[in-house]
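Visitor: Feature list, courtesy of TrEMBL:
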{"type": "BINDING", "residues": "B:E68, B:D86, B:I88, B:D89, B:D213", "note": "Mg(2+) binding site"}
Protein chains: 2
Amino acid sequence: MNLQKIHDFAIKTILDAGEQIRDSFSKELIIETKASANDLVTNIDRNIEQFFVDKIKNLDPSHKILGEEGMGDKIRSLDGPLWIIDPIDGTMNFIKQGRNFMISIGFFIDGAGKLGYLYDVMRDELIYAIRGEGAFLGKQPLGKLQPMTIEEAIIGINSSWVIPNGKINHEKITKLIKTVRGTRSYGSAAMEIALVVTGKLDAYLSMRLAPWDIGGGTVIAQEVGAAVSNLKGEPVNLLTQDTFLIANPSIHQVLLDQYIELKEEKQHSK
Amino acid sequence: MNLQKIHDFAIKTILDAGEQIRDSFSKELIIETKASANDLVTNIDRNIEQFFVDKIKNLDPSHKILGEEGMGDKIRSLDGPLWIIDPIDGTMNFIKQGRNFMISIGFFIDGAGKLGYLYDVMRDELIYAIRGEGAFLGKQPLGKLQPMTIEEAIIGINSSWVIPNGKINHEKITKLIKTVRGTRSYGSAAMEIALVVTGKLDAYLSMRLAPWDIGGGTVIAQEVGAAVSNLKGEPVNLLTQDTFLIANPSIHQVLLDQYIELKEEKQHSK
């Protein structure tokens, strides 16, 4: 498989999609809710995912596609060539702010990340990685993340996980917030991952992310030395929703050991 | 006083300062701490404030200047023409991210806001207001903020005020976070104020802001109908550090009444 050819295709398709999204602000936005009142989707999310699906199937019909909006395939295994796509990560920001949302794309072969893309559509800023060849911001190579301490860290975390909640011990998170230099919350997992791989944040954690939120980012993480796991410290699973942590490698284990304590999952219950 | 002439001067000076800041990324950044290890200042903050002071004193030596870095005057009253200046709001973002920081400028006469400017340097995006003539994003007039409910709101709040703290009842903030659609935290008060006046956030609150954090924003707030107060609901005082709330007018009083409860200030203590 010619990875460079697939990479050239991906870049062109992502930039085209970005242009379509920027143009969409002059057109009608149809907003629907999904699982909950705050889980939104628009006609643009769907159109852009369909655009990616059509382009990929045209490139090579054997490639499988896992997309947030379900326009791709039913994926039950990571075998073979697989695209993991979030056409608009941060849909609420897209609707309300017209900014601070990302296109996130990962390309995997037999579960191994080969190509990753995080595109800030409104800044027209593309971060990408080719497995083994490094990561880039535009044409600029991204260096490895540098050693640091937890006290110097700026952490991406949503306030939902700071208040008492069913998923994580919020008292340890309180201790974390008192320890670090600062926290941020941007409302787009892909944007927070993009900030971590470029050293603009030092960690980002979430209780509940889907494969399309993290697919592209995990490939870029490998190339800059960012550590990635779920909140138990296990490798991420690209087939299911799970907890998620990406961090500067100096503080990844510190976060897991000292500040993150998942609550017992209820057994035998739905 | 010819306000239009002062406005033209302000725009030109702010855009010049922005260019200097963008150019500064290729030069040496000298970082010092101020009151605490996390309160940072750079040579660029100081140089840019000095640039504003020189320009303003050249325009009219009778204008007073209150600046974050102390290059201006000692201000004990709001009498006469007064500039309130933050050369770089979000210094930690400036240092670490090279983005997500703002120039914030307000021009007041006898304490009444006449001109306000919030400039996102890296996006090259200027929001400004002329008292009585409206607010603008670039050349585009900004509309009045539209009616909404607290459940639909996205709120800017730093996690420091979500955990137990000495300033505010965090249990009511917990209730707020469970009620609203979402929260964000950007690490620059001026940026969060800019997002509120453009309807991209619906409120922003902080326990501890200085006049230069809010001076420019309060003038713009007037023109778009954003409600501004301290967290007791009192008018903001431009001479001292205080708590701060800016919100869509539909939810400003709801926030004060139902979700914000300041702790008793200790009397007779430093």
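Residue 1 is the first one shown; counting continues down the chain.
Cβ from N, Cα, C; glycine included.
Mind mapping these onto the model and telling me what they sit next to?
Guide: Listed in sequence order, the residues of the same chain lying 6 or more apart from B:E68 (Mg(2+) binding site) and placing their CB within less than 8 Å of its CB are B:D45, B:E49, B:I85, B:D86, B:P87, B:D89, B:A210, B:W212. Following the DSSP three-state reduction, the secondary structure of B:E68 (Mg(2+) binding site) is coil.
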Visitor: Sorted by position, what residues of the same chain at least six away from B:I88 (Mg(2+) binding site) have a C-beta under 8 A from it?
Guide: B:I21, B:T42, B:I44, B:D45, B:I48, B:F94, B:F101, B:M102, B:I103
Visitor: Looking only at Cβ atoms, how many others are within 10 Å of the one on B:D86 (Mg(2+) binding site)?
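Guide: Cβ-Cβ neighbours of B:D86 (Mg(2+) binding site) within 10 Å number 32.
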Visitor: Near the Mg(2+) site, what residues other than B:E68, B:D86, B:I88, B:D89, B:D213 in the same chain have a C-beta no further than 8 Å from the centroid of the listed C-beta atoms?
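Guide: Output for this site, in sequence order: B:I85, B:P87, B:G90, B:T91, B:M102, B:I103, B:S104, B:A189, B:A190, B:A210, B:W212.
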